[in-house]
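Remarks on the structure that follows.
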Amino acid sequence: MSDYQETLYEGYGQRFRMDKLLHEVRTEHQHLVIFENPRMGRVMALDGVIQTTEADEFIYHEMLTHVPILAHGAARKVLIIGGGDGGMLREVSKHKSVEHITMVEIDGTVVDMCKEFLPEHSKGAYDDPRLNLVIDDGMRFVATTEEKFDVIISDSTDPIGPGEVLFSENFYQACRRCLNDGGILVTQNGTPFMQLDGVQNTAGRMNGLFADWHFYMAAVPTYIGGAMTFAWGATTAGLRNIPLDTLRQRFAGSGIVTRYYNPEVHLGAFALPQYVLHAIGKPSNT
Ligand code: SAM
């Protein structure tokens, strides 16, 4: 048995025992590995960075879908950028009120290999008739599409390699253009303790672009270095402060059973610690 050593950070990282290597390939865009680990289940890594594990993916996928969709309250069209493992699509598809899901993933091999080796992630969601799966660069898609969306979820790799463009000013501006009134953009934005510059960069690019921008947090064990941030950009103010009772009604009405998300966690996730508020230039969480 060998080990998989994550290489995201210089001089600091996590190691997974690889009990069984399920697949390894250099795709057109990145190096993909899927293996079995006794504690985390099946694990997928891209270009040396752990992307998702069977054990803890529910936290990340529930928080990046149910927070914006339940805050929005009437999301009909959802766009997922990235998300090739299928977990985000699975959670979005649980919302019966959503009428159309577009997913733009740059690497078709990730989709195919995760369908085969991580079937619990997509759990058949790729067969959802509401899905329009586009294999393309998410930046190109949002820059050129005429479609408008109620919720946009950027489920990208870190800002290295093909994912880098999904953290650019152009990307956020294009996403803003693709949102309907009342629309919300949320993105994977790394762990602030380790990647504070990433949060600062996103804050600077969202400020002035969205009527309300902020971040929310959740601890996902395999995104090491502490709780991670999700960027939030809303076209109208107030969507970040939906009354708890309203969220409870919407969550109950969705009929969705979760393992991490609940309305109290939803609202609490927006309470950022002082060092993150300071980094993004905000005096408080309002
Ligand atoms: N949960 C992971 C995280 O937080 O780092 C992300 C998982 S998902 C596997 C990331 C996906 O983003 C990958 O499938 C990758 O191929 C895709 N991706 C990277 N750059 C992209 C781009 N420019 N356009 C569309 N998809 C992209």
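Even glycines carry a Cβ here, placed using N, Cα and C.
With Q30, D137, G138, P162 listed by TrEMBL as binding S-methyl-5'-thioadenosine, the candidate from E62, E99, E105 annotated for that site turns out to be E105. For the spermidine site, TrEMBL records H61, D155, S156, T157, D158, and the single candidate of D85, D127, D128 listed with them is D85. Cβ neighbour counts within 10 Å, taken over all protein chains shown, single out D85 as the most crowded of the binding-site residues D85, D158. Looking at D155 (spermidine binding site) and E105 (S-methyl-5'-thioadenosine binding site), their Cα atoms lie 9 Å from each other.
Residue density at P162 (S-methyl-5'-thioadenosine binding site): 19 other Cβ atoms are found within 10 A of its Cβ, drawing on all protein chains shown.
Around the Cβ of E105 (S-methyl-5'-thioadenosine binding site), the same chain contributes G82, G83, G84, V111, L133, V134, I135, G138, each under 8 angstroms and 6 or more positions distant in sequence.
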